[in-house]
Amino acid sequence: MNPAPNLILIGPMGAGKTCIGRRLAERFTLDFVDVDQAIVDAAGASIPTIFEHSGETGFRSHEREALARVLEGRGQLVSTGGGAVLDPDNRALIARRGFVVYLRVSVAEQLERLARDKGRPLLQRPDREQVLHDLAAHRDPLYRELADLILDTDPYTAADATAQLVVKLATQWQRQDLTA
């Protein structure tokens, strides 16, 4: 059993972090926190607007601050942005403050799930498939390094993925938020 004050979901866009995260939070009676939403709330601007005005570097700065703020808490299910693992300080904080679940998804499944999504700044290009392959090649080793548990979400609906995780977490994650 791995004791941790928070349950943290990592993985690429389209893996199901928000959808599965909400379901898991309800199942485990945890507060659901979406780091991307925390960024939007703190900045007072949408993620595409932040990217437009500050670039990816500016966005990552907002992300680092929001993640640090969120992970001060406990008893939360935290859904991170896909690129949160790029920063070594973020990785250290994530590892220290939670039980980390990597929701893996194939590029083919990402393309299907994100086909109509216009809110992803990194995908506002004609070569979406190549972008996703490049992101996966760079980020997958970082996700794997951090993960306490990995679930491939390709074959599952959000409900089925949640059910799979409930079973796996019952034997691997020890809640630490219920004491102190």
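The backbone N, Cα and C atoms fix where each Cβ goes, and this holds for glycine too.
Quick look at what Swiss-Prot lists:
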| type | residues | note |
| --- | --- | --- |
| BINDING | Gly14, Ala15, Gly16, Lys17, Thr18, Cys19, Arg120 | ATP binding site |
| BINDING | Thr18 | Mg(2+) binding site |
| BINDING | Asp36, Arg60, Gly82, Arg139 | substrate binding site |
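The substrate site, placed at the center of the C-beta atoms of Asp36, Arg60, Gly82, Arg139, has further neighbours from the same chain whose C-beta lies within 8 angstroms: Met13, Glu63, Thr80, Gly81, Gly83, Ala84, Val85, Leu86.
A C-beta separation below 8 Å, combined with a sequence spacing of at least six in one chain, links Ala15 (ATP binding site) to Gly82, Leu103, Arg104, Val105, Gln110, Thr153. For Cys19 (ATP binding site), the same-chain residues lying six or more positions away in sequence with a CB closer than 8 A to its CB are Ala158. Cβ crowding, taken as the number of other Cβ atoms within 10 Å, peaks at Lys17 among the binding-site residues Lys17, Arg139. Here the candidates are the binding-site residues Asp36, Arg60, Arg139, and by Cα distance the one nearest Arg120 (ATP binding site) turns out to be Asp36. The record gives Gly14, Ala15, Gly16, Lys17, Thr18, Cys19, Arg120 for ATP. Within 8 Å of the mean position of their Cβ atoms, the other Cβ atoms in that chain belong to Gly11, Pro12, Met13, Ile20, Ser79, Leu103, Val105, Arg113. Counting in whole angstrom, Arg139 (substrate binding site) lies 19 from Thr18 (ATP binding site) by their C-alpha atoms.
Cα of Thr18 (ATP binding site) to Cα of Arg60 (substrate binding site): a span of 19 Å.
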